[in-house]
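Presented below is the structure to which this report refers.
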Amino acid sequence: MNKPLRRIAVFCGLLILTLLIRDNWLQYVKANSLKDDPKNRRVLIARYATPRGDIIVGGNPITGYTETKGDFKYKRTYKDGAMWAPVTGFVSQAYGANQLESINDGILSGTDDRLFFRNTLDMITGKEKEGGNVVTTLNAAAQKAAYNGLKKQGGKGAVAAIEPTTGKILALASFPSYDPSTIAGGSTSDEEAWAKLQKKTNPDDPMLNRALREVYPPGSTFKVVTAAAALENGLYTEADQKTKTPLPWTMPGTTTVLKNEGNIPCENATLRVALQYSCNTVFGKVGSDLGNEKMLEEAKKFGFTEEQFTPIRTSASVFSEDMNPSETALSSIGQFNTAATPLQMAMVASAVANDGTLMKPYMVDEVQTHNLDPLEKTDPEELSKPLSAENAQILQSMMETVVEDGTGKNAQIDGVKVGGKTGTAQHGVDNSENPYAWFISYAKADDGSSPVAVAVVIEDEKAVRDDISGGGLAAPIAKSVMEAVINSKK
Amino acid sequence: MSSTTNSPTHHTSTIGAIGAPSRRNTELALLVFAVVIPVFAYANVGLAINDEVPAGLLSYGIGLGLLAGIGHLVVRKFAPYADPLLLPLATLLNGLGLVAIWRLDQSKLLQSLPNYVTAAPRQLLYTALGIAMFVVVLIFLKDHRALQRYTYISMFVALVLLLLPLVPGLGADVFGAKIWIRVPGLGSVQPGEFAKIVLAVFFAGYLMVKRDALALASRRFMGLYLPRGRDLGPILVVWAISILILVFETDLGTSLLFFGMFVIMLYVATERTSWIVFGLLMSAVGAVGVASFEPHIQTRVQAWLDPMREYMLSRNGSNDGILHSEQAMQALWAFGSGGTLGTGWGQGHSELIRFAANSDFILATFGEELGLAGVMAILLIYALIVERGVRTALAARDPFGKLLAVGLSGAFALQVFVVAGGVMGLIPLTGMTMPFLAYGGSSVLANWALIGILMRISDTARRPAPAPAPNPDAEMTQVVRP
């Protein structure tokens, strides 16, 4: 009986050996992929196990944390959450994270490799592990002016402001917004708040970051790009040179006459006058004279057709290819398929204000450890050069005329030179939906450099189809944002 | 029994001359480790979770030490030549299991579950009862051959135990498997754990009598000895009962365990490889056949093949009318998150397994908190118990003892394989518990009884042969040549 017994002993040994091999497979070979599986709740438990680092504006945190019940120890809190939501995004125990909270999650939650040294030091000295901070480029006063302006207006809208010389984003507001604090936890009230914010249940779509993720037809504000294309391609070389524009002007290849808004002096108007009064005929004809290709080329130099990473990804602004001359004419006055994010139009104003150089827009100035040691600093970076300095200055003088004498008078600031352009864009089938009121502008310091460029868009039924609504609804907000930036520099 | 002889004088004197040492002091030394290691683990859990040495440390240490001490003293008195490893190994596993159960008791998540009871104090009580059972076996079972008399009663008792969960009003359906009965005043009992031992007694008694017939009366065909048709009877009956368990109690593990144990014992009794071949074929046919129509088994198999899908179904709900469970995936995550060295006692999140985290799935807690190293150590402890059991079978001088020892050890090994393999995703999950580690009175009691019987057999085997009896029974004096 002993021979089979020995075999049984071997068999039992093999059973255990199989288990040992399986265990090695599970806990050695597959260990990391199981451990880091996003569905593995331990990943979330770890994310919320340490006090989350802060997002900082102007030296003050706009975020915080509080302890919660359950297996997640901490949850995020926000100060003025609705105002800052387009910057911070949210981080939620139940719904993950987005925008800066997601992009910089490693730093904020303290798991980034660059924090290894700090964490080790904290462990040795017996301190609790903490996440690092993200320092933004934003300007609290400008952001407040932007958000309050939109809120006062009441309609949907967005504001983007940039420092033209560096590309630092100074303000980024979207309205209606939401307070990410209300969805930061994992409780029933957070679930209810989340459900109320979804587009399905809330047609206002408050979680949409309109400043970066919504494209609007830019309307007449796009004429700045068209003017830049005319100057850059030598179609016209001066602001005060008469253009060859008949009135009425029939679009090439069609029998349709392109209309101006109201009775304005557009026949053979100079570029300056055409911009001042917002002549559709002049810029429509410039567009069709230059052709689709050259217009597209100039639009691309301003950043159209590309997603920007600020580092929050923006939607790509649109300027179409393969259009016939009449479509190109319509596109060149910001209609047809042309569409832009508010940030894109702020970039247009900023490139003009910065003597033709477009800086890459960014909003994270620095990431640091929780005790403020810098880990990474963002340096300003040139994105492109849509205009020569000479042509940029011509365009500046034209835009300044718009504010001094034209449709943009509401943006005038005492003692500061301001250039701008209004716009009203129609949209919807047969223009049935609310038009968009636009205003883009920049302010100039005494030394000729520009501290701020801003774009404002408002969806409002009150906006009638002329440029006065752009100047009436959007320009005051742009003005208050520019003032806030200028005052904070003093 | 090829190496036995009927002329005992020479060999018995040899064994007597060796004067096998009792090894009781070895056992005592090992027991100290088996008590101290869990006490340290207990302190470790308290420090990790509450930043303090748990208040019950002293009483826990003394309790475990006392129980082990009683066990040891009883062994010294009633089974002085028993195997010295079995008691310390079982004590160590039992102690570590208690720590893990206490650790899971501290989890707020588990405390918040409906029907969750604080398990550690109960498990300590079960442990005491288990040791008592062990003591009772050693004191009252003076000679394991006494069990031989109860061969057919055992068969009857085993059948009753196996079928009890099917009695309406008595059986309880836990997550689809019907292997529990509810006894008023006692709570839930898993009769299968006890049936394992009783059935081993029956098989051993039956095969000892029938083995010659089964082994010799066969025809040779394609290199295999084919048993006669009428000798196939018993294996067919056991197979049929296993299939019945599978169909009506929907538990693959119990079914596999009993059939596997029978095949092992049949093979040892007859030394015919053909039985193994038949056994494997029949279990394959049975398992595949039942799985083809039994939805509960199918769900278990699907959860094994694609645990992530099962997890998503459990999370998001499904409308197929089947209760899906995220346990399988949660257990895999627990093992993976433990990695090589584990998170350390009290610092994992194995409570995410929720239901049965401290019983069927307790190995996952060891996997996460003690890591690959800890689980391998625990598996090796099980391997040692099994090999000591088989060693006892080798040393036993009577065929009944041999068969009983190998049956119990084989069943133990199969149970460890089926449970650990299920929790680690090697095979489909079944509703059995890790011996000694898992929370559950039936399991603790039955396994302590099992260790008691093995130690009784090994004591008989290693005891110096008695002085030649005036009228020795041939059966009694058979010895194994070293």
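Each residue, glycine too, has its Cβ placed from N, Cα and C.
As written in TrEMBL, here are the features:
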- B:28-49: transmembrane segment (TRANSMEM)
- B:55-74: transmembrane segment (TRANSMEM)
- B:86-104: transmembrane segment (TRANSMEM)
- B:124-141: transmembrane segment (TRANSMEM)
- B:153-172: transmembrane segment (TRANSMEM)
- B:192-209: transmembrane segment (TRANSMEM)
- B:230-248: transmembrane segment (TRANSMEM)
- B:254-270: transmembrane segment (TRANSMEM)
- B:275-293: transmembrane segment (TRANSMEM)
- B:361-385: transmembrane segment (TRANSMEM)
- B:406-430: transmembrane segment (TRANSMEM)
- B:436-455: transmembrane segment (TRANSMEM)
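Cβ atoms under 8 Å from those of the transmembrane segment (B:192-209) belong to residues 147-148, 150-152, 154-155, 157-158, 161-162, 165, 179, 234, 251, 254, 257-258, 261-262, 265-266, 269-270, 399-400, 403-404, 407-408, 411, 415, 432-433, 442-443, 445-447, 449-450, 453 of the same chain, restricted to positions at least 6 beyond its ends. Counting Cβ pairs closer than 8 Å and at least 6 residues apart in sequence, the transmembrane segment (B:124-141) and the transmembrane segment (B:361-385) reach fewer than three and form no contact. Between the transmembrane segment (B:86-104) and the transmembrane segment (B:406-430), the number of CB pairs under 8 angstroms, six or more residues apart, is fewer than three, so the stretches are not in contact.
Outside the transmembrane segment (B:406-430), and at least 6 residues removed from its termini, the chain residues within Cβ reach (under 8 Å) are 177, 196-197, 200, 203-204, 251-254, 256-257, 260-261, 264-265, 268, 297, 300-301, 303-304, 307, 327-328, 331-332, 335, 360-361, 363-364, 367, 379, 382, 385-386, 388-390, 392-393, 447, 450, 453-454. If one looks beyond the transmembrane segment (B:361-385) by at least 6 residues along the same chain, the residues whose Cβ comes under 8 Å of a Cβ in the stretch are 85-86, 89-90, 92-93, 96-97, 100-101, 103-104, 327, 330-331, 334-335, 337-350, 353, 409, 412-413, 416, 419-420, 423-424, 433-435, 437-439, 451. Per-stretch counts of Cβ pairs under 8 Å to the transmembrane segment (B:28-49) identify B:55-74 as the leading one among B:55-74, B:153-172, B:436-455. Note on the transmembrane segment (B:153-172): residues 147, 178-183, 188, 191-192, 194-195, 198-199, 201-202, 205-206, 241, 245, 248-249, 254, 258 of its chain, located 6 or more positions outside it, place their CB under 8 angstroms from a CB of the stretch.
Note on the transmembrane segment (B:436-455): residues 75, 79, 82-83, 86-87, 90, 93-94, 96-97, 100-101, 119, 122-123, 126-127, 129-131, 133-138, 141, 144, 187, 189-191, 193-194, 196-197, 358-360, 362-363, 366, 378, 385, 388-389, 392, 404-405, 408-409, 412 of its chain, located 6 or more positions outside it, place their CB under 8 angstroms from a CB of the stretch.
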